[in-house]
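Q: Dropping a structure here in structure tokens format, bear with me for questions.
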Amino acid sequence: MDMFQKVEKIGEGTYGVVYKAKNRETGQLVALKKIRLDLEMEGVPSTAIREISLLKELKHPNIVRLLDVVHNERKLYLVFEFLSQDLKKYMDSTPGSELPLHLIKSYLFQLLQGVSFCHSHRVIHRDLKPQNLLINELGAIKLADFGLARAFGVPLRTYTHEVVTLWYRAPEILLGSKFYTTAVDIWSIGCIFAEMVTRKALFPGDSEIDQLFRIFRMLGTPSEDTWPGVTQLPDYKGSFPKWTRKGLEEIVPNLEPEGRDLLMQLLQYDPSQRITAKTALAHPYFSSPEPSPAARQYVLQRFRH
């Protein structure tokens, strides 16, 4: 790790500390993720190293680039391109003010492009949330930590014992489904889309059952009619309260009808009926010309404050 000089600690991710660091030779700024794993004495599993090495091949403008993997003794460092802010911090730094709809549209389109690319390479994220969506002053948004779940699993708690958020977790996972599909990421994107519009988390649950019930209260309790096979999922209970669905107009009143339609398709209960990232990119919501220079200008102003 002598190549890198740590500049400052910038956060604590799911798997370990993240540092802003500088390449001593080139001066390039990088994000250095130190992976802390509760491992047996042998150190880092070779399967994890294999999985992670594959991620270096994921090259896309909306994916945070994994530049290098440095593995010594029982430590694993992942070297990523550096971006100065995540979407959560960005939204928290502009409380009360709404994000312009053109910026939301631009961010959503870019997120779907990144997710579509990863899904086409058979990589599922499984833990998308505003904290791992990184933005820069040029109006770009990039997905971080893609593929780490497959290498390391998604723990219930971070290495500092914080609970890993459930707010963006798909209902099939909450109901105990053992089979993950790319649809779990689409659900998360739906939650993030709504949060960008309303500036409030859509389903801020504090336990798995609270998380499920918040979803049911808003979208109605699922049944075999709305989600064939739901009653067979391991954690489904016939005794769940029966809530009826609310209209999306109540939830995202200031979103245009095409946006509401797309949100509805992102938040489909049945994973097999949930829209894919690729199909979502062709949705009429995106057909109006994208004023990205305006989006860029807006972000730039915010970065200067």
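Each position is counted from 1, following the chain as shown.
Cβ from N, Cα, C; glycine included.
Taken from Swiss-Prot, the feature active site, proton acceptor applies to Asp127, supported by sequence analysis. Residues or ranges marked as ATP binding site in Swiss-Prot (evidence: sequence analysis): Ile10, Gly11, Glu12, Gly13, Thr14, Tyr15, Gly16, Val17, Val18, Lys33. Positions annotated as domain 'Protein kinase' by Swiss-Prot: 4-286.
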Q: Based on DSSP, name the secondary structure state of Asp127 (active site, proton acceptor): helix, strand or coil.
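A: Looking at the DSSP assignment, Asp127 (active site, proton acceptor) belongs to neither helix nor strand, so coil.
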Q: So which of the recorded positions is most packed in, judged by how many other Cβ atoms lie within 10 Å of its Cβ, out of Glu12, Asp127?
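A: Output for this query is Asp127.
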Q: Can you tell me the CA-to-CA distance separating Val18 (ATP binding site) and the residue listed as 'active site, proton acceptor', as a whole number of Å?
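A: Cα-Cα, rounded: 17 Å.
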Q: Reported as an integer number of Å, what is the Cα distance between Glu12 (ATP binding site) and the residue listed as 'active site, proton acceptor'?
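A: The residue listed as 'active site, proton acceptor' has its Cα 15 Å from the Cα of Glu12 (ATP binding site).
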Q: Show, in sequence order, which residues other than Ile10, Gly11, Glu12, Gly13, Thr14, Tyr15, Gly16, Val17, Val18, Lys33 on the same chain lie with their Cβ within 8 Å of the centre of the Cβ atoms of the ATP site.
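A: Residues close to the ATP site, other than Ile10, Gly11, Glu12, Gly13, Thr14, Tyr15, Gly16, Val17, Val18, Lys33: Lys34.
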Q: Which of the binding-site residues Ile10, Thr14, Gly16 has its Cα nearest to the Cα of the residue listed as 'active site, proton acceptor'?
A: Thr14
Q: For a quick check of understanding: given the listed ATP-binding residues Ile10, Gly11, Glu12, Gly13, Thr14, Tyr15, Gly16, Val17, Val18, Lys33, what is the maximum Cα-Cα distance in angstrom, as an integer?
A: 14
